[in-house]
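Participant: Could you have a look at this structure, given as structure tokens, before my questions?
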Amino acid sequence: MTTPAPEGNWAANSGTTYPQLHEPEPVAERPLEIASSESSTNQEKIVDKEAIDESSSSHSDHEKGRPTVERSQSAWTSQSEATSGVEPEAQEEVPRKRTWGEILNPLKSKHKPPVPDDRIPSREWKAGFFSMLTFQWMAPLMSTGYQRTLELNDVWTVNPDRSVDILQERLLHNFNKRRDDGSTNALMMALYDTFKKEFWIGGCCQLTAACAQVLSPFTMKYLIRFAGESYAASQGLAPSPPIGRGIGLVFGITGMQIVQSLCTNHFIYRGMTVGGQSRGSLIAVIFEKAMRLSGRAKAGGKDPNAKLETPAGLQKGSKEEKKFFKKKLGKDAKESTGKKNVAGGGEGWGNGRVINLMSMDTYRVDQASGMFHMVWTSPIQVVLTLALLLINLTYSALAGFAFICICMPALARAIKSLMARRKVINKITDQRVNLTQEILSSVKFVKYFGWETSFLDRLADIRTREINKISFLLSIRNGIMAISMTMPIFASMLAFITFSQTHANFNPAPIFSSLALFNALRIPLNLLPMVIGQVVDAKASLGRIQEFLEAEEVSDEATWDLENKSAISIRNADFTWERTPGASTTDKGEAPKGMKQLKQEKKQEKKQAKKDAKEDKRKSKIAEKDGSVPGTPQDSTRPQTPASPIAADDEDQKPFQVRNIDLDFGRNELVAVIGSVGSGKSSFLGALAGDMRRTKGQVTFGANRAFCPQYAWIQNASVKQNIIFGKDYDDKWYNDVVDACALRPDLEMLPSGDATEIGERGITVSGGQKQRLNIARAIYFNADIVLMDDPLSAVDAHVGKHIMDQAICGLLKDKCRILATHQLHVLHRVDRIVWMKDGEVYKVAPFKELMDNDEQFADLMKTNSSSEEKKEEKNEDGEGEDDEQGREEDKKISKKKKGKKPAGALMQAEERQVASVGWDVYLQYIKASGTMLNAPLVLLVLILSQGANIMTSLWLSFWTSGKWGLSDGIYIGGYAALGVLQAALLFTFSVTLTVLGTRSSKVMLHRAIQRVLPAPMSFFDTTPLGRITNRFSKDVDTMDNQLTDSMRMFFMTMAMILSVFILIIAYYYYFVIALVPLAVMFLFSASYYRASAREIKRHEAVLRSVVFSRFGEAVTGTATIRAYGLEKQFAKKINEAVDDMDGAYFLTFGNQRWLSVRLDLVGNLLVFTVGILVVTGRSTINPSTGGLVLSYILTIVQMIQFTVRQLAEVENNMNSTERIHYYGTELEEEAELHKGQTRPNWPEKGEIVFDNVQMRYRPGLPLVLK
């Protein structure tokens, strides 16, 4: 049975002088296969082991005959500290027999390449021109990935010139410059300034590719004309043209296709690398800002006294300046509507919202950068296409183009509506992510109170609203896409009908050349709505990020004077906390109450508040007469009633303030701050630490400070790293601190000593553990001013005495120490006492003076003294027995330590499959849509849609050749009917796939969250919160918005390619001879690519989890990091994690382009083959058929590589589904709350019976209740 850790217990029945640490859990067997590595001997170069340790499975260690080594790992370190293990018997690795496929495959070497000892920079950095042109620099990595599973050390690091440190500095410089110039889109323009060189290289490549794409179909007209003349010559109607002309045209078309291919690939690669660099630099900038964010900005307010400055680009008194201020003030007024006593929008920049900026908004900016240039190159391509169509069809082309011009404004309007809908969805997504993070970060309390069902219902309600709106938005987007794809069909239809009625000669050469030109319009018209949608989303995200970057920063207004006589001087200072405004709507999105009802509730709340205040005042007077201790530990546990939303909106209510502080603290003085609960002790220390905003007065520090808060922030790192906290290691000082804080016996009990990892947020240690580590951290920091907020409250009395003697009055004796405490028995040892009441200093005096002159204080000390004597007697009674029992326990534990394997890292490595996404995941995804019958239904609609597409073009071929001798009316009617049918079926297919996909996403997320919340606490102890958050934000976003799009594009392009190949073979059966080797080359290239692409993507996903973990953990500990002045060190660690992630992220683009260049070569060979077949078969095949085949083969050239890429994209996106599916099916669950049927009259009496119960924290740990 597993239970949460009781407070103050480190190791049950240890029998030692001080409470002991629990031994960490051995790494459990991972539920998914973890890839073993040949580099497990490399202990010091492995990066971010809390999320990535695929290279150290005990299975591989055993196979290789190495000693089993368990590691203590951290998300914040780049090293693994190992402990000695038990040497297993050496075993020779049995060589596996190679399969026939491996023997015959020349690329499968008998000896697999070894895993490198360290990661190297990307080979792109020093690649030559040809290697850069063809992406050949990716070949070594692709070859290794084909030979064996890629390990982390195989993945190259990011190029030095793309390091986040460099990009962040440039971006901040450009942002500040643009903002000073008065730019309204300062962040967007700053990104442009930072990456404009790569940005425009990609733009030029796309423009060249667009021109080549248009000229190829136009050149095809002359090839079809050559075929027509040759066909006529075979009929004896005209002289035969020279065959060299036809072959030259084939080479010309093939050459233009090659140019288009190379330019398109470099356009996409440059765009995606700019997007990745933008995302990395934005994450760094967001983190740096989060470290400086003021409390008022977090609460949703703005400085009401802030002056609006005229932008540098505007003149004072000008119309432009007035317009700027009017817009600015109007926006602020709109934001603050309904938010009383708050200056600003009131939404606030809480941790969840900041993390959402880092995870979701930066990703949208990244995605929009990839294809951005199509926004302006597509109109150029359309205009160029119109010009060539006018040459082919004369003014008849205007009929088709007029149709496109009529449809475009309607599409633009529909696309504009997507922006508004996306903003609404973003807010709902923020609600879901924030609520999920709050639940997960406080999961222990949720389980304590049995609130799982309640929170699941709230999440389900938010998720229902979110997925319904996403489904509707994607349906609109699919409708737009279906219209944009069928626009060329209807445009060509109108143009050809007009041409047939106005021209007697319906020649196939201009007709099929024009058909190819209209088909060429499909790519820009199909992708343009998607690209515009991405750009719209990115612009909204950049607006949110810019708003965050412009939020108020904490200003350390204190004066630092190292020559100051006092350590701290405070002159007539006031400090205030910030308030969080109440929400105007509930999480369920209910409408606000009526004004009348609000007023009545406010009135009742005010009456109740006055009544409660009078009662509290009466009770406090009684307590003072009875001699109650002001601020005893029992007082601190008294539950406080949370303020209601109505009361929170009351403009008369103000946040807590510390007022009228006028004090000096000596450089080696020990000062105690006492007072009742709510008197302002912790707030006073928070003010000195910089957490509160100073509203009046002056504060001067004469030295650096360290802060030991009441609620310790513990990192997911080793004990040693939590104590050192970024300082240089000093062995003697470190050991002195460990001894002074009573940690030595605890460290000796741990198999890895101080290298043992502590769980995220310190959830694997008790309050006493956290507090002692907190104290040790503050002392080791060796600051001259140490602020301690009730440091002894969570430790036993004898431990507290040891810390007081050896630490506070020992190692810190020459420091300025300010101690807020409830432990009144230590007051006789302090130099002065500051007594707080109601946020003000009530009295300041030495202990003796207060005892002699203050009757109330003397009575309190007597009361406290008697209670302490009782505690000591009780401790003494059990001391002898405990000592004897402790010695026996020590012997047992010592024997266990000698005979067992040492415990490993507490945080388990993230599960990572090494094969393709299993078919079971696909089946579960289909089942989640409602039924397995949905798959054949979607497939049937797809086949019918593609059949209508082929028949439309075939019908045009019959029309131009005059087959069957039908009237123009019948040909026109049939052509129009097939076009309408194709559009209807395409729309039906897209919407059906979207609706079913979003339904699957909703069901699978619901299963996952229902499985995660009831998971045992051991799961949360050993899984970083950032990893879980990553799945419930990024992975869910992928399932919601990207998976169905990639599936739709793959199915449509694959069906198109297959149908075209069938059509070509029907007319040119010799095409099979060329198709077979080319198909083999195609399949081999895809297989060769997927082996590496899959693993690189998975490494990138795991490395991304590290960024999430580090970012989320650091944002949570912002106050502690700022108090120690370690913002730069933590920012450096974040940047290192982003660089590691980007190293893998950029390689995903590189291997996609490597594949694309080679598959485009296959496509170009197909074009060349079909062209030669048309030239050689010119005398026997009707030119209309040749024109149809040529127009289709030019269309599918780009589809070949696009299809393989979409297949990989589907698999990559299905990784997100796999990760969500794992959480929904594989996680261990707690035992059922209720077993069997309860009696109708249960419970008859209130009692809990423990009968022979044994408990441990997790499997593999010692029993703590026996």
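Backbone N, Cα and C define each Cβ position, glycine as well.
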Participant: Could you check which of 125-142, 1187-1204 is flagged in TrEMBL as transmembrane segment?
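Facilitator: Based on what TrEMBL states, transmembrane segment spans 1187-1204.
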Participant: According to TrEMBL, transmembrane segment applies to one of these ranges: 199-224, 511-536. Which one is it?
Facilitator: 511-536
Participant: So what's near the transmembrane segment (1161-1181) in sequence-distant terms, Cβ-Cβ under 8 Å and 6+ beyond its ends?
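Facilitator: Counting only partners 6 or more residues beyond its ends, the transmembrane segment (1161-1181) has Cβ contacts under 8 Å with 223, 226-227, 230-231, 233-234, 243, 246-247, 249-251, 253-254, 257-258, 261, 1064, 1067-1068, 1070-1071, 1074-1075, 1078, 1081-1082, 1085, 1189-1190, 1193-1194, 1196-1198, 1200-1201.
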Participant: Counting only residues 6+ away from its ends, which parts of the chain sit with a Cβ under 8 Å from the transmembrane segment (479-499)?
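Facilitator: The answer is 389, 393-394, 396-397, 399-404, 407, 411, 414-415, 506, 511, 514-515, 518-519, 521-522, 525-526, 528-530, 952, 956, 959, 972, 975-976, 979, 982-983, 986-987, 990-991.
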Participant: Quick check for me: are there 3+ Cβ pairs below 8 Å between the transmembrane segment (937-958) and the transmembrane segment (1074-1091), leaving out pairs under 6 residues apart?
Facilitator: no
Participant: For the transmembrane segment (1049-1068), could you work out the same-chain residues 6 or more beyond its ends whose Cβ comes under 8 Å from its Cβ atoms?
Facilitator: 938, 942-943, 945-947, 949-950, 954, 989, 993, 1075, 1170, 1173, 1177, 1181, 1185, 1188-1189, 1192-1193, 1195-1196, 1199-1200, 1202-1203, 1206-1207, 1209-1210
Participant: For the transmembrane segment (1187-1204), which stretch among 397-415, 511-536, 1074-1091 has the most Cβ pairs under 8 A?
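Facilitator: Between the candidates 397-415, 511-536, 1074-1091, the best contact partner of the transmembrane segment (1187-1204) is 511-536.
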Participant: On average, what pLDDT score does this prediction assign to the domain 'ABC transporter' (641-863)?
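Facilitator: Taking every residue of the domain 'ABC transporter' (641-863) together, the mean pLDDT is 83.
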